[in-house]
Structures are given as C-alpha cells and as structure tokens.
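J.: Here it is, the structure, as structure tokens.
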C-alpha cells in the first residue's frame, strides 16, 4: 500500500472567529467514499474547505439556542443588539463576548496538549484473586514459601502502549475504541489523574507545561466520567448556580455584576442543552424522582462547561442521550472550542457521522495501542486501504471501531491474510504509514510553535486575573475562601430543604423517641432511691442526641464522589465544604436539641430553674455538635464505609463504657482509664451531673435511714439509734445530716463519692465539650484537604486463585478468534431449541392513576415463531417494556385482558420458568463467578431428569458460544466498586443465564441500552445467532443503527397509548416496511437513510419529534396487513402448528419450579454460604467486632471481686455484652436487603420458591454468628473473672449464642418487612430504644411506668439478662470493700456486730479499723442483689426456652414477610 500525503492549510469562513486554520493532512482522492477502492490505488488529497464551510454554516443556521435579556453592560456598538432583544445566536454570542473580552484585556487560554510515547501500566488479572475467609491464612502461609515471593507483586500489562498524539487549542479530538481499548485511561491521564495506575511513562505537556508542574493548575484540565454524580435533592438551577458562584471570574467586563454575569451564563447554558424547562426540577436519583437519565446527562455536561477549563475530557458523555441531543451537544462544544480556544477530547457511544464530522482529528485505540491518529476525513479511507470493507449505511465511527472486532470486520477480496488481525498488527501498519510520519511532523511543528509563542505565560497571567484578588498568588481556585464557604452554605441549605420530607420525618422520629425516653424516666423521685436513675436519665439524654447524629457517617461517604468531582474542577477547597456544613448544622441541631430538651427536662422532673435548664440545653447542644463532627471525621479518615463502621463500633463501646456512668472513674483500670479523659461523652456528663446534683439534696425518711430501730446496750437495756449517728444508705452520705427533720445526701457529695466528679468543674466541662467540637472540626478540615479516598482507575477483573487468563500474545489472540468462530458455527447443535410458537391477541393493559383507569396497551396482537427475530419499537412511553412485562407474565399490578397462547394452548404455571426474559437492568449477584451464576440457573431451571454433568457441560458450551470462556472464573462484581466484569459482559451474562435454562422462547428488553456501538453490534449479532438456531424471540430496541436493524425479521411498532402502528415483515433492505409507510403518504426512504429512524420520524417519534398528520393506529386497523395478521393468528391458535415434543410429555404435568423444595433450599443455601464465605469485609467484620468488644469489655471489667459495687459491675458487664447483639441487628439489615433484591429477580424467573430463600438466609448467618459469639465469650468471660463453675459458664455461653441468633434474625425481620434501607433506619432507633431501656437494668421493673411494662415482658433482652445474671450471681457472697461501706460512728462500748445485731444480724455489719467506726454493707449475696431487680434463678430454664420461642417467632416472621413481599410492584 502506498500512501501519498501533502499538507494543505485550511482557511476558516470569512468572519469566523475560530482557530481552525491548522495544517491538516487530507487524502488526494476523489473517490474516498468508495468502499471498493483497490488497495493499490494511491489516495489523493481533497481540499476540505467546502466541507468545513458546510459544517460551519450548519452550526450557524441550525443553532436553536438563544440568549435572552441581553445585559446592558455588553458592548452594544459591537453587537448591534438592543437590551431585551432575543434570538441571539450561540456562535454570534460567543464571538461577540470574545471580542469584548479582548477589548477588555482578556486573552483566551490557548492550551493544547502534546503526548509522546505515553505508556500506562496497570495491574494484571493475577495481581488480585477472589478473596475469601481463607485468604489471610494463605497470605501468611505464603510468607514462608520462597517460591511465592517473586510472584507476590503479580503481573502487569500496558493499558496504553507507546501512544503519541497531540491536539491544538480550539480543536476537538475524538477517541474511539472498543471496551477495554484504553480510551478512558487516555482521557484520565490527559486530565492528570494518574494515581490509580502502576506507572505512567512518556511525556505529556500542556501548552509547554509538563505534567508535574500542571498539578498546580487543578481545574484547567478536567475529566467528565460517564456516570452522573449530583446531589439528588438540588434542582437544576441550584446545581448550576452553585457551580457558577464558585467559578465566577474576577476580571469580568467593566461594571458587570456577579449576579448579572451568572444569570447570563446560566440562561445560555440551559438553553444550549435544552434543560430550561427543567430549571426547577429536582435532579433526583434511583430513589428520588427527578430528571430523566438523558436530562441528568445534559446537566453533567453543562456543569463541566461551567468549570471553564482550558482542556476538557468527556468520557462517553452522550450515554443515555438520543441522537438529536447528542448531536446538539457535539455542536455546542464545537462552537465553544472554536470561539473560546478550548481544547476538547471526547469519547462517544455510538457516534453518528454528523457528530464524527464535527471533530478535527480522531484517535483509534485497540488494546491500548494507537492504530490511527489523524484527520477525521482520512480515517475511513485509511482502513479501506488496509483491506477492510464498509457495509452500506454503516456509520464511519462504527466502521472504524468495527475493524478491530474479528466478528464484525469484513476483509475485501484479495486482502485475505494481508489485512491486520491483531492489535500489534494494526499498530505496525499505522507506524509504517506515510500519514503517521505526516502527523509526527505536524506534532513537531506544533511543539516548536509552543516553544516560540510560550502560551503558558499568558495562561498563568490569565488565571491570576480570573482569580479573586484575595486569593494567594498560586491559588488554583477562582473565588475566595469566604465566597466558597458562602456558596456552600447556600447549597447545603438547598440540599436539606430539597429533601425536607426526610428532615421532617427525622424530627417526628426524634419527638416520638424523646417521649419514650421521657416517659420511662417520668417525674423521677428526688430521694435517694432516684439517685442512680437520675444519673442514668442524664446519660441517656447525651447518648440519644449523639446516636441520632450517627447517620452523618453514611452521608460522608455518599457525598464523597461529588466532592471529588467538584474538587477536580477546582470549584472549592474541601475544607470550605466542612466549614459550610458546620454552619448549617448549628440551626438544625439547635432545633433538634431544643425539642428534645424541652420535652425531656420537664418530664424527667429535673430542677425547675431557668439557669439550669439553659445549661442543660447548651451542654446537650455542644455534645451533639461534637458527635456530628466526630462521625464525619471518622468517615473522612476511613477509606470505606465498612472500615469506618467497624472502627465506629469500637469507639461507641469505648465511649459508652468510659463516660463515667456504667463504671465510676475511680473504678476504671489504668490501661483504659485514659480514655475517660478524651471521651466526648464524659465532659458533658460531668457538666450535666454537676448542673443537676450540685446544689440539690436527696432525702430519705426515718425508715430508710440506717441504722434504724433499736439496739441492746451493754447493760441490757433497749436503746434507739441516735439521729446524729444515722445517715441515708447512699454514697456521699454524712451521718447526722438532716434538713426539715429528714436525713439527706447532698448531691455534690454523692457525685464526688460515687463518681469522683466535682460540682465546681461544671463550667470547665461545658467549655471542654465545645472544644471537642472545634477539635473534630479541625480534624475534618485537615482530613478533607489531605486524603482523597476515591478511586479513579479503570475497573478490573478478579479471578479464582490460579484461574486468571494469561495476557494474550498475537498468536494466542488469533487462536482465540478461531475458537470463537468454531463455537459460533456449532451454535445450532449446542442450543438444541425446542421449537415453540407464542401468540398474543387483543391484549389490553389498564392501571389505576389518580382514581381513573389508564389504558397503557390497546388491542395489541402478534406472534413469534422459531427462527424469527422480532423487533419491538416505538416512541418513549409507547409501552414497549410494558408489553414485554405483560407477555412474560411479570406484571403484578393493573388489569390484563386478552389471550396469550404457547403452542396454541393456555399458559401453564411453568410459563415463567420455561420463558427467558432478559430485562434491561443487568441484575447479578456480585459475589459469584460467571460460571457459578450460569450453573445455578441450569441446576434450578432445567428439568430434574437432566443429569448434573449434562447441565454443567451445557453451561460450558454456552460460555464458549457467548465468547465468555475466559471469564468463567471471573467474579461478576459490581460497577460501583470498580471490580468485576464490564457492562457488555454483564449483558451477555444476563442472556446466558436465560439460555442455560433452555427456554422455549426469549424476551429481551433493550439489550443494547447504554452500550457502545461495538457492544451493541456484538449483542444483536449474538441474538441473531439464537434466532438462527431456532429460538423464537422478541426484542425491544431504541433507535438501532441501520446495520443492526437489518438483523431483524419482523417488527411490532407501537405508538403512544400502546396502539399498534405496524406488525409484519421488515423485508430485504427494509423494503417491505418502508413501502407500507410510503404507500400511506410518507416520503420515500433513501438508500443512505436509516430505516429505523425513518419510521420513527414518520409517526412523529423520531429524534426530532414532530406531529404526524396521519392517524397511524387507525391506518393499521384499516390495512390489509392487519387482516393477514388476524388470519394467521387464528390459524396458529386453532391448529397448534408446533407440537409438544415427546421429551416434554415425559416430564409430566407442568410444575411451577423445576426442582423440589428441598433441592432448592440446599442449592440456595450453598450459594448464600459461598457469597458469605467470599464476603471478607462482612464476615471478618463481625469477627473483628466480636473480638474487639470481648477484649474491651473483658479488660474493662478485669478480674471483678466480690464487693457490692462489683455486683453492679457484673451486671453491667453482661449488659454491655448485649451491645454485640444490637450491633448485629444493624449489620444484618443491609446484607439481607441486598440478597432480597436478587431473590425477587430469581423468583420472577422461577428459579426457586420464597420459602427456600427465607430459610436459607436465616441459616447461613448462624455459623458465622456462633463463631463470633464464641470469640467474644472467650475474650471476655474469663478475663472479667465471671466464671464460677462449668454449669453456669455453659449456660452463659449457650444463652449468649442464642441471643445473638435472635438479634440477627430480628434484623432480618426488619429487612424482610422494609422495602429499603431508609425505612429500616426509621424503624430501628425506636426498636433499639425498646430493647435497651426496657430490659430492667437501667430502669428496674418497679420503676417502669405501668404503661410500658408490657414492653419489659416482651423484651428478649430481659430474659437473656435474667437468666445469665442470676446464673452468674448465684452462690456469690459479697465481701464489701472499704469504699462500698456506709460508715457510722459507734457511740457505745459495744462492738459493731453487737451494735447492729438486733436490726441487721451479724453478717450485715462489717468492722473496718477500730470498733469506734462501723461499716454497713448493703448486700450479703449476689442473690440478694438480683432480687432487687425482680429476677429469680429458678426462671433461667424458662427464660432459655422463651429465647428459643423468640428465635422461632423471628424465623416465622422472616418467612411470612418474604412471602408477602416476594414480588416487586411492577
């Protein structure tokens, strides 16, 4: 092949202010569009000035975007436009703005890019394997195996290999390639996002600035990913106005106000992208209704344009847009690139020729290698000359990427064996071409021009001029820190108000829980019997407000991706975001705390004193703020939510235990006592205890004071105890202390003696509480500035250990292509389709909307036969998916009428099982491999008479046929985590899961939705293979290319309202279809036109929607084609033309499920157990929590002795063990909800019934929970010195494990009942309040209000505590320590025992020191202690049985709720 090129200079149209006068190579070939040009003919060069003029004129004439309300500050002399004049064209606006800016001293930032020898190295597939619970042990074992040391780092591969290209300012570069070609990586590297790769070598310069120095200009080269990441509760206006506030430049036009400038730009951009009408619509997401997917994509693009970056990289930014919107978007960035000298690099999904021709150059990648870089006008001819052929009506971008696909490319006669086959072949051909040398010369000249003109000098100067004058000289931010904070405060307020329903729900939940708290401690006694309760009530108030703030942890991770994106756009400093959040927290927290405090303070019966009330309010306010900041700090310092939750659980346990309530400060062991001094709970607790107890006296009557009654003097006379030697039975009591004839304990003495708190420290503790808040705020600011936990790399696959495929060399690549061809040729023998015919007639579907019937399908009929591929098309809202749902029996709401017949017979209960339904969303369990998912489908959906070996062999055949053999042992994973298979591979897997079931018919809903052109082609071609193998199928498809449309045999076209427009054959080159419309009054369809777009346009549903003057449904009703359809339907329904095979008859009567309930349960359990086994973060998370909780609790209550205070400590030891169970309630909920979503999808296809799932998911948790409980038991039980004898210890152990089972199953009950996590989080807090507060420890049974006593009797925590506490304290004799004694003077010459004997007996009086002072010990045994709680040792076996009843009841509830919610609402 000989390629002759020359350089010609292109001149822009007269008057166009664009930088298009670049040296661009063009072919000198008048027949450059001729697909049959011989490879020996030398291409010549076309002068493309006419082509450019045509594009420029089209942009000028077709631009429908207008700028209204022209600001008076614009230079009217130049624009000749009045103030309120409209119809101001987009290009004219930009050109006018640019002229005015130049007159004002502003110059465009002309920053192109130049890349030489760029190689990006990524991690190979073997560098990470599928992790499971054995992974840590394997890792440790490998440390002692020298043979594994070298391999530990894993292999690497080149994501990009030796890429050299450039792009001038004001030019647009299109990057094309198949999935995995490296397009996204190239765009990321150009945007200077390199952290996720092993290494990046080569030179990348930005207007002469190298990549290291370019880091100082964050926001000047941005990467816009294909995902749309926005705050869902903001409107379009709020989202863009915020971006504009952060990016409003300083050097605006003279006297131009910021607000005017922002409004002008906003109106321009929303008009440009057609989202003006959606300005006040919420952005929304999958849970919040808002913008459509296409509208959200346009918002993403608009936000990127607001950033005003010099270099912008758009990665598949047209995904989800229709053809018209994509073209408008491309035109807009073309104009902006021309007029504002912006450098644009973009990769597109399914780019049309119209979009393609807007770009200057195109770079084509294949497996990381650059196989073409040059002008768009030369690309097609280049590959034609290499020996490839382009099909008629195939777009140029599809052709360019198609040549890299062995299944798609077509080699012209005479080039067999000569045309490139592998990626390296293509790269060699490119580097040996003359055009490659021309482009190298162009790049060299561009670099010399950069060196001569030094655009970086002007670039740096313009950045300084644009930035706020209050910013530091080297600041990368446009606006000042104060402006950023102010904008963020406004945005945070809008986010909260946008989701005001959640805010109101939160306050309602708080009010309800507050009344529960307050009613439990209602009107507490002010005597000594209420001392402990009063302290508990105050501590509960602190805990409640702290844990209400725990939701901030999840919100921190939710907003992380948005922060990363906007920070990469240099909109604001991350620390400014936190300052703004803190400021918006203050009023919201004040409302929350005020509501809580007003209710609680007065219902508690705390001192009615204004000063004390406001100190209470102020302290709770500071404590809540500090905990909000603490939870955020934990999130900002953690790489993932799982990590932060595990750390949080440890902290919560520490904070609760070492707050000074459950363990007094003087009882804390030295190894953990230090935490008391850094505990955010301890300081507000000390402050509030001092506030309440500091000047309050707690009385006791004569009967309660000790000693009371009489004693026998040494002379034998009976004497009364003297008041000056009596006191209240409480810590801090002073003998003889009385007021108004009653003994009392001063509150200040009590908190000093019992808790070691000083009432004088109240003010200091309040101040420290707020200092904690400030400390955590600073930590958050530092963390946000220093850490970026978001991953920016490409998703990667992980395989089973030792199963990762090798990186193919050229020979292996050729062999793999040959294997695919061989598998394809054998497809018909592999599939062995049952020939079935499915018909539907007079289908109507009605739903209720606002009390009225809404008809969504109106008299639809049709059929699918073996070997036929039927397309289902129509405008948006025509009912395509609705019809498929009805035909596949997936509708659970509404009313369906009409007849659906399979082989001329009514549908049986096995219809869903024998029918394959490929839904639009690819829902797969991420914890399985591809092969495991396919085998699971085959085992449960194929007939039980088929052997397991045959099922597995069939799976392998389908894997090979789907070209996924190398992915069999790859983890499915998820796109969100960046680990797993690609989008296209997921779509293939979705189809494969239906195929291995050997379905009779196949329904496919939008199988190409969201895929690039090559993936779409591969999917449709694969579906065609299924049809050729005898599979009857129907497939909805949205605006297919002309090439894809040719694969279909028949089409069912629907209009809005679910009415039939046409049903029949498409015909060769779509002649049958187009002739129907032409004959009924529509213009002729040209040879070059896409028939799919033609028919949609004809019925007013094309990419440019219009109003058709023809009533097409009525035309269809009067057409002879309808009569033919009805006649054929009648024939099919009466004749049953396709007979049921003898194999089917042998299977017996129809069954809803192919296998027995026991087999289903076993298989579902095995799958769930495998998923749990691989979920290291979940399982090791619960193990870690168990070990950490056990060690913390065990060493906190280290080696408890037999004093009376340690009796209380033993109870609190067991009470804190409950924390692990409560924790597992939280942990079980998200795991259950995730698996429940997969169950609903499986149940719809009749994999298995609801009962196997419910039973299996309960059982699968139990072994892991039992191990966790065992770990906690061994870490805590003997450490605390609780052991007494084997019988009691064993009872403790088995009861504890059973209690954990109850907690996990209780979490599953909540999950089975709830539809989502948000509802579960609303229910949980109230549930946990009931479990914790009404268990009989914090508030004894006698002190619980009568209204709430039913909760105590229905609380599993009560039965666990009663059984375990009585076992632990049984036969324990109390030996009071000196600190536990209530001491009295002995005014007699009697011994202490003699002095107390008449009233208390010998065992109750303990002498300490000499006989002049006696000590009184409250309890003589553990049994006496637990009887004060109303518990009995005799109830322990009963309690154990009741706990089993709770567990069984929970299982029944799980099964019941799963049954009731087994079908999604659709």
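The backbone N, Cα and C atoms fix where each Cβ goes, and this holds for glycine too.
In case it helps, Swiss-Prot gives these features for our protein:
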type: REGION; residues: 23-47; note: region 'Disordered'
type: COMPBIAS; residues: 23-45; note: compositional bias 'Low complexity'
type: DOMAIN; residues: 138-392; note: domain 'ABC transporter 1'
type: DOMAIN; residues: 497-724; note: domain 'ABC transmembrane type-2 1'
type: TRANSMEM; residues: 501-521; note: transmembrane segment
type: TRANSMEM; residues: 537-557; note: transmembrane segment
type: TRANSMEM; residues: 586-606; note: transmembrane segment
type: TRANSMEM; residues: 611-631; note: transmembrane segment
type: TRANSMEM; residues: 641-661; note: transmembrane segment
type: TRANSMEM; residues: 767-787; note: transmembrane segment
type: DOMAIN; residues: 838-1082; note: domain 'ABC transporter 2'
type: BINDING; residues: 874, 875, 876, 877, 878, 879, 880, 881; note: ATP binding site
type: DOMAIN; residues: 1177-1399; note: domain 'ABC transmembrane type-2 2'
type: TRANSMEM; residues: 1178-1198; note: transmembrane segment
type: TRANSMEM; residues: 1214-1234; note: transmembrane segment
type: TRANSMEM; residues: 1253-1273; note: transmembrane segment
type: TRANSMEM; residues: 1290-1310; note: transmembrane segment
type: TRANSMEM; residues: 1319-1339; note: transmembrane segment
type: TRANSMEM; residues: 1440-1460; note: transmembrane segment
J.: Cβ under 8 Å to the transmembrane segment (586-606), counting only same-chain residues 6 or more beyond its ends: which ones?
T.: 496, 503, 507, 510-511, 514-515, 517-519, 521-524, 526, 534, 537, 541, 544-545, 548, 612-613, 616-617, 620-621, 624-625, 628, 692
J.: Looking only at residues six or more beyond either end of the transmembrane segment (641-661), which have a C-beta under 8 A from one in the stretch?
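T.: Long-range Cβ neighbours of the transmembrane segment (641-661): 535-536, 539, 542-543, 546-547, 550, 553-554, 556-557, 631, 634-635, 668, 672-673, 675-676, 679-682, 685-686, 755, 757, 1177-1178, 1181, 1184-1185, 1188-1189, 1192-1193, 1196, 1216, 1219, 1223.
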J.: Cβ pairs under 8 Å only, please: of the recorded stretches 138-392, 838-1082, 1177-1399, which one is richest in them relative to the domain 'ABC transmembrane type-2 1' (497-724)?
T.: 1177-1399
J.: Counting across all protein chains shown, how many other Cβ atoms sit within 10 Å of the Cβ of residue 881 (ATP binding site)?
T.: 16
J.: For 874, 875, 878, 879, listed as binding-site residues, tell me which one has the smallest number of other Cβ atoms within 10 Å.
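T.: Each of the binding-site residues 874, 875, 878, 879 was scored; lowest Cβ tally within 10 Å is 875.
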J.: Show which residues of the chain containing residue 880 (ATP binding site), separated from it by at least 6 in sequence, have their CB under 8 Å from its CB.
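T.: In sequence order, 872, 873, 874, 1005, 1036, 1054 meet the Cβ cut-off.
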J.: Can you tell me which parts of the same chain pack against the transmembrane segment (1440-1460), counting only residues 6+ beyond its ends and a CB-CB cutoff under 8 A?
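T.: Long-range Cβ neighbours of the transmembrane segment (1440-1460): 1236, 1239, 1250-1251, 1253-1255, 1257-1258, 1291, 1294-1295, 1298-1299, 1301-1302, 1305-1306, 1308-1309, 1312-1313, 1356, 1359-1360, 1363.
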J.: Tell me, roughly as an integer, the mean pLDDT over the domain 'ABC transporter 2' (838-1082).
T.: 86
